[in-house]
Amino acid sequence: QFFQENIAFGPPGEVLASKFNRMSLKMIQCVQIMLYLSVLVAFAACNAPPVPLDDIFIEKTFVPEQCVRAVKVGDYVRYHYIGTFPDGKKFDSSYDRGSTYNVFVGKKQLIEGMDKALVGMCVNERSLVKIPPHLAYGKRGYGDIIPADSILHFDVLLLDVWNPEDGVQIKTYHTPSICSRKVEVSDYIRYHYNGTLLDGTLFDSSHTRMRTYDTYVGIGWLIAGMDQGLLGMCVGERRIITMPPSLGYGENGDGSDIPGQASLVFDVILLDLHNPRDGIAVTNQMVPESCTRKSVSGDFVRYHYNGSLLDGTFFDSSYSRNRTYDTYVGKGYVIAGMDEGLIGVCVGEKRTITIPPHLGYGEEGTGSKIPGSAVLVFDIHIIDFHNPSDSTEITVSYKPEECERQTKKGDFVKYHYNASLMDGTSIDSTYNYGKTYNIVLGANQVVPGMEDGLMEMCVGEKRHLVIPPHLGYGERGVIPGSAVLVFDVELVDMEEGLPEGYMFIWNDDVSPDLFAEMDKDKDEQVEPSEFTDYIMRQVNEGKGRLAPGFDPYRIIDNMFSNQDRNGDGKITEAEFKLKADESAAHDEL
């Protein structure tokens, strides 16, 4: 009908000619003849009898992008197949049995055509194989299943291939830039893995359990191929370990996800590594040029740290809390590895301490942040340390040649200071205020360590003081708790104090009519105003001295209260006594 309507000569042909942009009629006739002949050839081909096969015919229906491995003679293969006759009738299928067909290739364990067809196939390749009778079951056929002289078609999917001579194959695809240690026999490691068959079928993964696989290496705790494949790895390294079944789960598989005679592929990342014989490792030490003292057992240490696992996973930091970690060392207050790693450090030192789990948090870890059997890495910075037996450390940096008097308890002193922590952090300075700091020694107006450091100084002398916290601001100071303090002090001036226990002394002999001189209105009692006026007059005239460094009116009020025995606000002659006449010490006349 197509020829009649569109190709034959006549009016339709004229229409066709117009569609070909007025091509010559001769050209159109040539096209018509060619189309007619091609149809005849196609018809003849479709109705021709089949050409007998002389050899196998392979049609590759799927070829993987990467050929993991191609079959060679002598290899052992695992494959699925569907066997049919040319008319499509199925006679056998490995899928129906629920297991692959497993066999050596080229060892006459298969029909000759299949032996030839499997050679050169790649894992995950799928092919349609047509096998002539003389390369299949020939004239005898196969029982009632395959008649004689049958051409067989096999739809084959190759899943696995290995050779009895295969060993473990290792492909490293990431190596860390620093590798200070590699896995050896008897090491204990923590690693993540994805386990697949050679065709990529996943059978297990530590990632899905969100927990590393932890084990000893080289002592038979693992399948032989993994025992071999993990040796020589660095922490952070990634490698693919491929092993034949002889080094995996053998002929029987694992009974569930791993079939018998299966090659195994493990994609591994090593996270941790240690040996039970390991001690702590101290690296990356940065020791200050000046180190006059190193920590010993029993010292109290303040330090900052960043804590991570061996693969760099962060788990804790004192910096994030903006507070040092403060502890005694060598006393069991911290994990054993840190107790050891903090011995022998200098103030200002930085070091990395690597701690194996048996000196850290052991097999159990801490729960969420530190897994069991984890190696710990601490980058620490020593801020300061002291010992509870320490006293104030005094270093004289300058002393004038002439020194008439040295400071003592009760003296009123004026001094400048620069205050800092042991790491050099500035705390305060009197120079910022443009005035001295003034105190009375022995009056508890400064921390005990400063009292000690200012004793027996000369005017103009300079000292460097190191004050332990128990002589400073203690565990809960206004500056960081338990901090060692450093003061650079200069004594600017001093005023001699009074003898201990006195707040007022006479420079001259005491008047025998002292009470009468105070009682200005002669009413035989001394009012507070009379008492105050009299004492201040003695001080102004140089006849007496009040204790320096205190409010004079508060001292006088205290003196009056001590004389006013009955507390009625007045002093009678019967109440009035000089200090020399008292049996008990009072800050009075």
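The backbone N, Cα and C atoms fix where each Cβ goes, glycine too.
Straight from TrEMBL, the features:
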DOMAIN    74-162  domain 'PPIase FKBP-type'
DOMAIN    186-274  domain 'PPIase FKBP-type'
DOMAIN    298-386  domain 'PPIase FKBP-type'
DOMAIN    410-495  domain 'PPIase FKBP-type'
DOMAIN    506-541  domain 'EF-hand'
DOMAIN    551-586  domain 'EF-hand'
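With pairs at least 6 apart in sequence, the domain 'EF-hand' (506-541) and the domain 'PPIase FKBP-type' (298-386) have fewer than 3 Cβ pairs within the 8 Å limit; the two do not touch. With DSSP states grouped into helix (H, G, I), strand (E, B) and coil, the domain 'PPIase FKBP-type' (298-386) comes out at 12 helix, 35 strand, 42 coil.
Note on the domain 'EF-hand' (506-541): residues 552-553, 556-557, 559-560, 563, 569-573, 576, 578, 589 of its chain, located 6 or more positions outside it, place their CB under 8 angstroms from a CB of the stretch. Under DSSP, the residues of the domain 'PPIase FKBP-type' (410-495) split into helix, strand and coil as follows: 13 helix, 35 strand, 38 coil. Assigned with DSSP, the residues of the domain 'PPIase FKBP-type' (74-162) fall into helix, strand and coil as follows: 14 helix, 37 strand, 38 coil. Per DSSP, the domain 'EF-hand' (506-541) is made up of 18 helix, 3 strand, 15 coil.
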